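Q: Please read through the structure below; I'll follow up with questions.
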Amino acid sequence: MYRGAQFCSSGEGWGPWSVQRELDLTPCFERGILLPLLNCLFLVPAIHQIRHLQTLHSLPAAYCNNFAYWIKLVLASAIATVAAVELFYFIYSTGIPNSFNVFIVGQLFHIAMLVVAALLHHYEHIKSCRPSDTLLLYWLFAGFVSLVVLRTDYLMENEPKPVYSVLWIVRYIYVIGIAALFYVELWPCRIAEYVLSEDTDDLGAFGNSDYAEEPAGKRAPEESANIFSRLSFAWLSPLLELGQHKQIDEGDLWKLPAKYAPLNVAEKFDTNWQHELNSSMHRTPSLLRALWKTHGANFALSGVFKLIQDILQFTQPVLLSHLIGFVASHATDNPQPVSYGLFYAVAMFVCQFVLTIFLHQYSQLAAITGMNVKASLISTIYKKVLRLSNDTRQEYTTGNITTLFSVDVQNISDTPESGHMVWSGPMQIMFAIYLLYNTLGWSVFAGVFIMVAATPINSWIGKRIRALYAQQMKNKDKRTSLIEDSLSGIKVIKLYAWERPFLQRIQHVRESLELAMLSKFGAVYALGGVSVVAIPFMVSFTTFFIYSVFDGVSHGPLTAQLVFVPMSLFNLMRGPLTLLPWVITTVIEANIAIGRVYKLLTSDELDHGYITQLESIRKSKQSSSAAVKNSANADGQDTGAIAVEVKDGSFRWSSNGSVILDSINVIVRSSEHLAVVGRVGSGKSSLASALLGDMQCERGEIVIHGQVAYTPQQPWIMNTTLRDNILFGLKYDEAFYNQVIDACALRPDLDIFAAGDMTEIGERGINLSGGQKARVSLARAVYARADVYILDDPLSAVDAHVGRHLFEHVLGPNGLLKSRCRIHITNAIQFITMCDSVMLLRDGTSLEYGAVADLIESRSHVYSLVQEFGTSNATSTPASSTLTPSASNARLIDIQDSSRPDTPADGSTNGQMNIKHRSSVDSLPPASIAPIQRTGQICAISNTRAPGTLITEEISAVGRVSLSAYISYICECSWGGVIVFAIGLLFTQGLLVLSNVWLKVWSSANETNNKDKTDPVAHSPMFYISIYGMFGLFSAVACYIRYSVLWRVCAVRSGKSTHRKMLNAVFRSPMSYFDTTPIGRILQRFSKDQHSVDQTIPHLAGSWAHNLINFTLSLMVISASLPAFCIVIIPIAIAFYHLKKYYLETSRTLKRLDSTTGSPIFASFQETLVGVATIRAFGQSERFMAENLRKIDANQRCQYPYKILSRWLAVRLEWVSSVIVFSTALLGVLSLIYGKADAGLIGLAVTYALQSSQHLSYMLRMECDLENSMCDYVRIQEIEQLSPEAPEVIEDNRPKKEWPEHGMIEFKNYSTRYREGLDLVLKELSFRVMPNQKVGIVGRTGAGKSSLTLALFRIIEAAGGRVLIDGEDISQYGLFDVRSKLSIIPQDPVLFAGTVRENLDPFEEYADQDIWRALEHAHLAEFIHTKDEGLEFVVTQGGENFSVGQRQLICLARALLKRAKILVLDEATAAIDNSTDAIIQESIRKEFKDCTVLTIAHRLNTIIDSDMILVLDNGKAAEFDTPQSLLAKEDGLFKQLWTKANKN
């Protein structure tokens, strides 16, 4: 056998196939090519891996010197020894002179590789925690090659000699040794692949930098799984096993691998995107290029996997051709050996098995790439939003940005999973055409012509979808913006009874625009669906027609081989032909989305170039003696170094807007208190925005020393605890925190709250009063211990005595901020005499600016203001208030004062302050930043709610979606539509199956005719081809009906019904729902979840039904062709059932966790959009971006295993399908042995078996995805089932049209609470307001003033007692009838996006002259007249293009326009300057003289002329009498309030 001097001493040569043995290779090919090739492929990665491992630290000895290590070394040595024994035998057999041959040289090289393998085993074991991929693959293929060689040797040895007995034992030992070593290398890691989060083993102890980051329980098991576990996704199985025994929560999930962590991905993308922006001088920035640089490697690698999978799938038609040929040969005189048939069956199974692995490695990598793309874009958009200019903010509403943040980013991130089809689809079509040409010859080009001719059709469909999609996104943006705007002002909408016009506006966009567009989509989708069915059928029809009519001889008549091999190729073509239009649509949508995101990311940002931010003076004052020379104020006193300086500043809000502030020059020193005053619209708040960098600078510059703290006029309160709102990212300093609480008068509020400062504050501070929000905002600024304080009217929303307390203990000359620079925008003229300097603004210019004393002495405008509205004497000592600071706070001030080296001996701080003394002492301890919570930290969800929790957790439903939910959805779609769709689907797929069966009949007739040429042909080819064409035609018609009904009937009806019900349910919900539910969560229902109902669920339901019918029909065809297959169906069904059950439990939970962890991302984004100015002012952008990344990380830790779980399922399902293919082919071969087989039947059966793999996998995946998407519908159902308020209208009990005629109001023993389970806020309240009386309502914060208003409007309902208006109990009427008869000017002025007219008259009930008259009386007509559009002037979202004072005037104009008999003023002029307030009060007295007016006011002088005063205390009517009577009561509560408000 081995003798001879030739290098290949075998007589069979190099082969590769042996001509002497069936299905065997030649010895020279095996030992000279196959084995050396394997060794070469192993050598390069092995050496590379050894060099890498040598650079790592060794694992602890306890993990290295164990039994497994020695087993591996012993086995590796034994295998090398056995190989050496075989080598010596070869040399002995051939002789040393003839030893240079393929066997000996190959064996020498193989032994060298075995030594390298042993060395790699050593390093892998002592330095790596994961089984070696290189070794596992090497031993697997080495074992396979050794078995092939062993079989060849066995077949060649007919009469073995005695020495061969020893040799054969050596060979058996060699094969067994390889198998044993392979098995040992597969042993689990020393560290468990999956450890729950409570495990505390720390890999950092190993000293290995690769594994020293996190505890083992936090590491993804993928990182320590062997290659076969990763290829089969078996590393996920422990999680599924866990899911069978408990409800998986976030605490059971591992951290993301470092390469997929959002923090790392976002940083990499940001670097690449910044590079694109920085290169804009040389080329246009490209978002796509930045994405490619960041994620291109993974995307390209997934493309390689896709390419291999595409090539492998075309081996199946080739093997099918051989199998049919094998079966057909048994009907001839020269049958092929049965072993050939068995080989083809096994080969089909192996190819399908391997194909599955590559397919899902591609899918996994593509899905993860999409996930990373999403993290990149979300983080970048979030970062961009924090820097948007005012021009851009006017262009993008909150709804627009939210759509970009959710829908557009999702469309882009979906592209990697389907993007490769752009090149893969055409390539598959070309492969198929090539194989078809080899099978049928030139006739195939008729089919190619059909495909080319269909290209313009698909192109038109794609363009049409692109245009429709672009318009649809605008419609969605518009609807989302309207809903977001409505939800933000839902309280005002309810107070005004404006639900109907807002509902109509939203429903108009939804039904007339969005759903109409969805119907047009349906028409185009139906055409696309027909093209999916018709084009592949037309290709096969045309090909068979041309071949049978015009050729028919080049390859013989249409036999089973010529029919079913092309059919399998046509089926392969059907995939790309079906997917290409959808992929094109997806790419188009992604392209549009990229353009939209690119537009936002390249839009203008705030230009802070005019602001110079310098180091804090307090840090540099010790080394800067020169600053003292420059530190005299206007009256010659030393106020310290300059903290803020504005030099000739002119500012505008937008590039096209008018100049708002002009020629502003101001210098504020390090401990100076500057008061900024002026009328409404004079530019006070604009000055604050300019100092913060939120405006565009026309000219001039601003210099600021140190950090800035800011209190906006409308406080921004986060949805978190009260403490976190104050700390705002700083470390908790208990002593100073308590001082701030006391100084800001929050201690009484903490005593009221159930959980104190750990009480959760609702979104937008919904559960705080206006005064409480203002004080929390002020406390946040004080706690920041900044150098410069910009305070935008923080006293406007608080009671007079509380305002004095805040001034004395925070803002004033003795307050906590006395050593800091304070720029205080205020309408509280009574306090400006205690400030250092004042600036009076008028029409955007500085009318007066200077030291207070100088301006008063010069009898200026400021002097006039003080004389008219000021009640304080700057030289007098402020009196003590009952809201005094705590003892600790008092001690703080005493200690600070007494500790100063330059404090006067008497410690006096009254009268004219020693400003030099103030500027030399830093009265606030330094602040320190709290560590940002690391991304990746997730705490398990607690089942218990902490005391003080307000916002309801988003509940992740447990268990499968109920049958009732599916039935409910079908009802929404309409039963008739669903039935027509089902019938259309059955006809479509049934006719296609019959067409294939007809081809089998045709081919069998041809084969029969070939055998018996004397028989006349029963029918001509035209007969068969005509019937075949009819099947296709009717199938296309049924397909059009099916898709039209699905999209234009079912999708539109369900979308219309669910949205209308959900919208009505939300608008009809009580305010308690909005108190406890973030707007972001509600918006997600109207955006993402509604999108699922509109498009995702119809698509998934249609696809699931399509695959179910196809799989069922495939099994029926196979069973009919091979009845024995019915036995195989039973184990397949059992496997399918268990896989489905095993998968669904965990999949369902992970999907819901994905949803619940996704909601905080959107909620936080919404919150950030509102508070972006505050975030920037405090310099907290980095912290909020880090928090956003943490939320993304939490979401993707749920999303990542969910995506991998889909691959876990698909791999196993397609392996089951591989068994179907193998069983079908094997039964076809066995039928030849035990009976008679028809080549046509076997071809038909195998063709459908090959299709079944795709149908089975898609069917279950679609079912799971459908169930998960149905969770979105269930969440919508939950919204639909919200408990509503009382009816809007009670038809059989409506009030008279003129009710109320008199305006008498009576509360009788009235009690109420905000929600069930909370304490009463009004307690047995009783009082009566006579017709046309003017009643002032006063009381400390939390006394129940605003609650009384809400009770009158039935925003909160009675827990006891009654409210009567004109003697009628208001609870007997509908809410619309009550609220529409009342009028209110609310504390928080809310404007809605639209026009001025729409904000005043949404019902379009009033003429233009009535509206202008109302504006004139509200003193706003002059401002509106300056706008060219007049009443059509556009109000931006939230009224951001109006000042807060102007917004309050618009609210006043609403009341003036409505002229209700009862008017409630809830701090209606809090944000208006005193002079304007006086004018407005006079207008109210004049215009509402015949109305009953209830006025809640902090400025007691505004209600002192009321007919009656109601004093509330702790929810009860403490006093109710005329002002004169109440002032006469020396110990009365009103008397105390009046005294405190007016004391000096």
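Cβ from N, Cα, C; glycine included.
Pasting the feature list from TrEMBL:
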DOMAIN    300-589  domain 'ABC transmembrane type-1'
DOMAIN    644-868  domain 'ABC transporter'
DOMAIN    979-1262  domain 'ABC transmembrane type-1'
DOMAIN    1305-1539  domain 'ABC transporter'
REGION    896-926  region 'Disordered'
TRANSMEM  70-92  transmembrane segment
TRANSMEM  104-123  transmembrane segment
TRANSMEM  135-152  transmembrane segment
TRANSMEM  164-184  transmembrane segment
TRANSMEM  342-362  transmembrane segment
TRANSMEM  431-454  transmembrane segment
TRANSMEM  523-547  transmembrane segment
TRANSMEM  975-1001  transmembrane segment
TRANSMEM  1022-1043  transmembrane segment
TRANSMEM  1113-1139  transmembrane segment
TRANSMEM  1213-1234  transmembrane segment
Q: Hey, does the transmembrane segment (342-362) touch the transmembrane segment (431-454), meaning at least 3 C-beta pairs closer than 8 angstroms, sequence gap 6 or more?
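A: Contact between the transmembrane segment (342-362) and the transmembrane segment (431-454): absent, because fewer than 3 Cβ pairs are under 8 Å.
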Q: Six or more residues beyond either end and a Cβ under 8 Å away: which residues meet both conditions relative to the transmembrane segment (342-362)?
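A: Contacts with the transmembrane segment (342-362): 23, 231-233, 302-303, 305-306, 308-309, 312-313, 315-316, 319-320, 322-323, 326, 420, 1207, 1210-1211, 1214-1215, 1217-1219, 1221-1222, 1225-1226, 1228-1229, 1246, 1253.
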Q: So if I exclude everything within five residues of the ends of the transmembrane segment (1113-1139), which remaining residues of that chain have a CB under 8 angstroms from its CBs? That is, six or more out.
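A: Tertiary neighbours of the transmembrane segment (1113-1139) are 989-990, 993, 996-997, 1209, 1212-1213, 1216, 1219-1220, 1223-1224, 1227-1228, 1231, 1241-1242, 1244-1245, 1248-1249, 1251-1252, 1255-1256, 1260.
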Q: Give the one range among 104-123, 975-1001, 1213-1234 whose Cβ atoms make the most pairs under 8 Å with those of the transmembrane segment (523-547).
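A: Comparing 104-123, 975-1001, 1213-1234 against the transmembrane segment (523-547), the winner is 975-1001.
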Q: Who are the long-range neighbours of the transmembrane segment (104-123) in its own chain, taking Cβ under 8 Å and residues 6 or more past its ends?
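A: Contacts with the transmembrane segment (104-123): 31-32, 35-36, 39, 42-43, 46-47, 49-50, 53-54, 72-73, 76-77, 79-80, 83-84, 86-87, 90-91, 94, 132, 134-135, 138-139, 185.
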Q: Counting Cβ pairs under 8 Å to the transmembrane segment (70-92), which of 135-152, 164-184, 975-1001, 1022-1043 comes out on top?
A: 164-184
Q: Do any residues of this chain, six or more beyond the ends of the transmembrane segment (975-1001), have a C-beta under 8 angstroms from a C-beta of it, and if so which?
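A: Residues 533, 537, 544, 558, 560, 563-564, 567, 1024, 1027-1028, 1031-1032, 1034-1035, 1038-1039, 1041-1042, 1045-1046, 1049-1050, 1053, 1102, 1105-1106, 1109-1110, 1113, 1117, 1240-1241, 1243-1244, 1247-1248 contact the transmembrane segment (975-1001) from elsewhere in the chain.
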Q: Which residues of the same chain, at least 6 past either end of the transmembrane segment (1022-1043), have a Cβ under 8 Å from a Cβ in it?
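A: For the transmembrane segment (1022-1043), the sequence-distant neighbours (Cβ-Cβ under 8 Å, at least 6 residues beyond its ends) are 522, 525-530, 532-534, 537-538, 541, 544-545, 548-549, 980-981, 984-985, 987-988, 991-992, 994-995, 998-999, 1001-1002, 1005, 1102.
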Q: State the mean pLDDT for the domain 'ABC transporter' (644-868).
A: 88
